[in-house]
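The domain 'Trans-2-enoyl-CoA reductase-like NAD(P)H binding' annotation in TrEMBL covers 2-79. The NAD(+) binding site annotation in TrEMBL covers 47-52, 73-74, 110-111, 138-139, K243, 272-274. Among the features that TrEMBL reports, site 'Plays an important role in discriminating NADH against NADPH' is placed at E74. What TrEMBL lists as domain 'Trans-2-enoyl-CoA reductase catalytic' is 81-316. Residues or ranges marked as substrate binding site by TrEMBL: Y224. Residues annotated as active site, proton donor in TrEMBL: Y234. Look at TrEMBL and you will find 322-385 tagged as domain 'Enoyl reductase FAD binding'.
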Amino acid sequence: MIIEPRTRGFICLTAHPKGCEQNVINQIDYIKSKGAIDGPKKVLVIGASTGFGLASRITSAFGANASTIGVYFEKPPSEGRPASPGWYNTAAFETQAHKEGLYAKSINGDAFSNEIKRQTLDLIKEDLGQVDLVIYSLASPVRTHPDTGVKYKSVLKPIGDTFQNKTVDFHTGKVTEVSIAPAEGDDIENTVAVMGGEDWKMWIDALKAEGLLAPDFNTVAYSYIGPSLTEAVYRKGTIGRAKDHLEATAFDITDTLKDVNGKAYVSVNKALVTQASSAIPVIPLYISLLYKVMKEMGIHEGCIEQIQRLFSDRLYADTIATDEQGRIRIDDWEMRDDVQAKVAELWEEATTETLPEIGDLKGYDTDFFNLFGFKVPGVDYDADVNEVVAIPGLQ
Ligand code: NAD
Ligand code: NA
């Protein structure tokens, strides 16, 4: 069939298998171009199919020759109905990995559930024995608690006062004022239950209980801080509380890892266009200005450049540099004073009329469509493609 983008709000309902495949190949080529990393050997990536998790899996496999198991939650294709992009990304990744003789298998299902954890532990036990790195890269709006069955929904709200600021609809380029009412009721607890650290710790506890953590084991979860411009709705809002919890959980996990000489880290990453971040109000306007500034300064990075740097210059460098709160910072270039001063200046000037000039709306739009395999250079979108693609290592 011919597959075209069908957008609804900030999501795209279709995905293109060839475009997704090309994106994965481009990321693999980038990692190979940067040379070998003396990195992990057996890696579990939770949230492995898109964004930072996919980049982590690609970097592990093609940068460090690691065996990888990926866990993700993606919609399979059916005749006449394309899969979600993470399905096609994983199919492409595992095809390329197998071609080079790399072990790569995956599990599609709810990572928050006991069943998916059980399946993953069994697969590690059978095939790898142990893992030396676990990347935790889930981004989900909901979580059903495995013990109680309670379904929590996360919300993106400020805490205390109503938040009012500019935002952009990146499809139309229209800049408007948004007003977001503050969290109420159980909003904060619910958001922490979904995006905080409880599930990360459950995974590591379960792996440890069955002896599946190798000596000198590391685990990394991803966080975000961002500038004062977005603080009220992000880092000091409900999602920020969840990130505070995630960051505190790193210390709790490390406390349990003494006998394997293991350590849990949080890496604070750069703001990037992903399915998760497109849904957050105000962030798309910030990203479109940030992209413009960082591209002009020659310091722009996507997920793959970020994770390559995380592995080569932080996690597997001689010493792991952290900030005073123990966090790895690969948002260092985003947070540079000169970058933030310029973004803050442009923010004041941003209107529907000025944004196409002063912001990188085009870059935002391209990155957004690229997430779904569209607008990828070199892909023939007029050609008939088979939407029913199999993931070779899917269990
Ligand atoms: P993403 O949407 O691209 O990836 C989310 C991944 O989680 C996918 O692989 C998806 O299949 C998987 N997933 C979601 N729900 C699942 C479930 N119930 N069971 C199994 N898998 C599930 O998101 P992303 O932007 O790469 O975010 C990953 C992490 O990075 C998040 O913690 C996010 O807060 C953080 N982060 C993102 C940014 C950004 O700007 N995008 C910046 C810094 C940190
Ligand atoms: Na991810």
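Glycine residues also receive a Cβ, built from the backbone N, Cα and C atoms like all the rest.
Predicted automatically and left uncurated, TrEMBL annotations should be read as such.
Positions of the features from TrEMBL, shown on the structure.
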residue: S49; record: NAD(+) binding site; DSSP (3 states): coil
residue: F73; record: NAD(+) binding site; DSSP (3 states): coil
residue: D110; record: NAD(+) binding site; DSSP (3 states): coil
residue: L138; record: NAD(+) binding site; DSSP (3 states): coil
residue: Y224; record: substrate binding site; DSSP (3 states): coil
residue: Y234; record: active site, proton donor; DSSP (3 states): coil
residue: K243; record: NAD(+) binding site; DSSP (3 states): helix
residue: V273; record: NAD(+) binding site; DSSP (3 states): coil
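Residue counts for the domain 'Trans-2-enoyl-CoA reductase-like NAD(P)H binding' (2-79) under DSSP (helix as H, G, I; strand as E, B; rest coil) come to 31 helix, 16 strand, 31 coil. Among the recorded positions G47, S49, G51, F73, Y234, K243, the ones whose Cα is located within 10 Å of the Cα of the residue listed as 'substrate binding site' are Y234, K243. Put simply, Y234 (active site, proton donor) is 25 Å from F73 (NAD(+) binding site) when counted between their Cα atoms. Neighbour density around each Cβ, counted as other Cβ atoms within 10 Å, peaks among the binding-site residues L138, V273 at V273. When DSSP labels each residue, the domain 'Enoyl reductase FAD binding' (322-385) comes out as 28 helix, 2 strand, 34 coil, counted as helix, strand and coil in that order. The 6 Å Cβ screen around ligand 2 retains G47, G51 from the recorded positions G47, G51, D110, Y224, Y234, V273, ordered by sequence position.
Listed in sequence order, the binding-site residues among D110, L138, K243, V273 whose CB lies under 6 angstroms from an atom of ligand 1 come out as D110, L138.
Around the Cβ of S49 (NAD(+) binding site), 27 further Cβ atoms fall within 10 Å across all displayed protein chains. Looking at the domain 'Trans-2-enoyl-CoA reductase-like NAD(P)H binding' (2-79) alone, the prediction's average pLDDT is 97. Counting only same-chain residues at least 6 apart in sequence, those with a Cβ under 8 Å from the Cβ of E74 (site 'Plays an important role in discriminating NADH against NADPH') are S49, A83, S84, P85, G86, W87, T90, N108.
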